[in-house]
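Read through the structure below, which is laid out as structure tokens, and then see the notes.
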Amino acid sequence: MDEGFRDRTAFIRGAKDIAKEVKKHATKKVGKGVDRMQDEYTKRSYTRFEEEDDDDYQPQDGYYHGEPSVDDEGASSDATEGHDEDDEIYEGEYQGIPRNDSLKGGDRLTAGLEVASEFRDFDDLEGEKKKEKEELSQQYELILQECGHGKFQWTLYFVLGLALMADGVEIFVVGFVLPSAEKDMCLSDSNKGMLGLIVYLGMMVGAFLWGGLADRLGRRQCLLMSLSVNSVFAFFSSFVQGYGTFLFCRLLSGVGIGGSIPIVFSYYSEFLAQEKRGEHLSWLCMFWMIGGIYASAMAWAIIPHYGQGSFPMGSAYQFHSWRVFVLVCAFPSVFAIGALTSMPESPRFFLENGKHDEAWMVLKQVHDTNMRAKGHPERVFSVTHIKTIKQEDELVEIQSDTGTWYRRWMVRFLNLSQQVWANFHQCFAPEYRRVTLMMMAVWFTMSFSYYGLTVWFPDMIKYLQNVEYASRTKVFNNETFRHITFNFTLENQIHRRGEYFNDKFIGLKMKSVSFIDSLFEECYFEDVTSSNTFFKNCTFLATVFYNTDLFEYKFIDSRIINSTFLHNKEGCQLDFSDDNNAYMIYFVSFLGTLAVLPGNIVSALLMDKIGRLRMLAGSSVMSCVSCFFLSFGNSESAMIALLCLFGGVSIASWNALDVLTVELYPSDRRTTAFGFLNALCKLAAVLGISIFTSFVGITKAVPILLASAALAVGSSLALKLPETRGQVLQ
């Protein structure tokens, strides 16, 4: 009998504990849209068990009568004996939030149930959440002002500058190595085009991927991961031999560096007070320019003519100088990783995710670092409590078959993917839909015109060089040579209807030479190298070719009779220009990136004075006007000057657009929005490059009109965006 009674008592107590836990969770769900029927059910269940008492089932005279005992004094359980509700630790006490003692014990629970039982519609919940965010934004701005601007921000400036510099380097790497890498890897024109495209594709994927993850996992952590991916695959790409493997490594290298721009600007902005934000974000943009200068200078210093500067690594492998250049270009990313490990996570990210203590420690570090550097180590960080955003419960159902590690990782991965995708959808919420669509248009038009023109410029310069080179071509007609030894260089010549009898071509280098309707009888070719050299409708009788690169495709409609090819040169059987105008490419890129320095300085000094919109629209209009001067660029020097002019006036609009993007979106979706817009930017760049370069040598009018129209549309739309100057960071 006693054992049955104890079992029944234990069951009742367990049921009461369950009911209390149910009610506790129901109270926590207040204000989060919990279903009203569930609240009512929870309330009824708890009330029913609360009215019962353990003493109702006390046996009397050794027998159980089923009558409740009136006396409930001293009733207790093993679980609650000695427990005082006043001794409970308040959940927010460590944050410095005062405890609300107006309601105690059961009164607090009853009041919570009364509130929970009331229906709270979605608009009210969103209103409360918006109010919390506004309070956090205002308080966070005041805290940043107390922390001041000093050593900590400048240290972070140079650390993040290295990451931004790595992005600037990545844009130029492939273009600089192609003149040499195409020979090592035997790249056709289509393969070269794919190699240039794959970098932008990787950066597009990386911008969206890392931007979304940075709002969920943290700015610092995601930036470290993205830079690590970039540096690892950039390192591998300097050693791989095949075209496919090199393409794959550059793709993943682009995916890694794609997260640099959206994370860097968001990360740095969250350490800057309102009056410093526009100026110092613009100063940060200078590191992208420094990356371009670094890449140009390293290419100029490292990449020599093909065949020079190679390092033997085995009998069949040569580590050519262009591979050294690719390796050197990974240094900014590696150095950024090392420096970033000593920097803290963004405190704003911590606050958005309810991590008060972590945010407070970082802000105290910022304050103390700046005060010590300014000679005021005695100043104390006075902030004791910071507003945090209430976190919604995110429950993930893990079934019994998810016991293995890879199944658990899959569940976490799917859950994270859903969170990132939901956060991306929030960028198109009603209050942000108009801003997002307009920002998409501005980013697209800016990128379409800028990248299209900056790639079109070098192609036009190369085209003008070819036109000028062709104008100096020498033409020889009806020549006859007998028993002559040719051991010098033939360049930029056309030989028509020539006759060559018993002539020797030894150690000869032919560049841009064409033989048309010519006869070669009993001639001897040895150690001949050629580029852009062709034999059209020629006849070869009893001729010997020894150790030459005169491959079959260089003989167009020619007749080869009783002739022999011995020990033809091995390797890539494609024709390459051997003049190596790469030095001119490096020089033009160097001047183009250096020309944006004045625009960077002006935009940084005026960003907080005239505002983001005026800077963006004004710079776009000036860029639009500068496009019309392109019609007067009929020489190489004129095109270089116009390239510098366009880059110098357009950089201010890019700086303003970066600052505007950071300030228009709230902290919980800032890098997501920035990453999406930057991915759209890379897509527009691919379209602009493809369209503009297709008109090289055909007409200049179409690229000029397209770029001008895109810039005009972008500047007009920019004026309709909200101005963010003087506003606190959302």
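Quick reminder: no glycine exception, Cβ is built from N, Cα and C everywhere.
Per TrEMBL, the feature compositional bias 'Basic and acidic residues' maps to 40-49. Per TrEMBL, the feature domain 'Major facilitator superfamily (MFS) profile' maps to 156-725. According to TrEMBL, the region 'Disordered' annotation covers 40-85. As annotated by TrEMBL, transmembrane segment applies to 154-181, 193-210, 222-239, 245-269, 281-302, 322-341, 435-457, 583-606, 613-632, 638-660, 672-695, 701-719.
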Most Cβ pairs under 8 Å with the transmembrane segment (613-632), selected from 322-341, 672-695, 701-719: 701-719
Among 435-457, 583-606, 638-660, 701-719, stretch most in contact with the transmembrane segment (245-269) (C-beta, under 8 angstroms): 638-660
Long-range environment of the transmembrane segment (672-695) - Cβ separation under 8 angstroms, sequence gap at least 6: 196-197, 200-201, 203-205, 207-212, 214-215, 258-259, 261-263, 265-266, 420, 423-424, 426-427, 436, 439-440, 443-453, 455-456, 459, 661-662, 664-665, 702-703, 706-707
Averaged pLDDT, computed only over the residues in the domain 'Major facilitator superfamily (MFS) profile' (156-725): 83
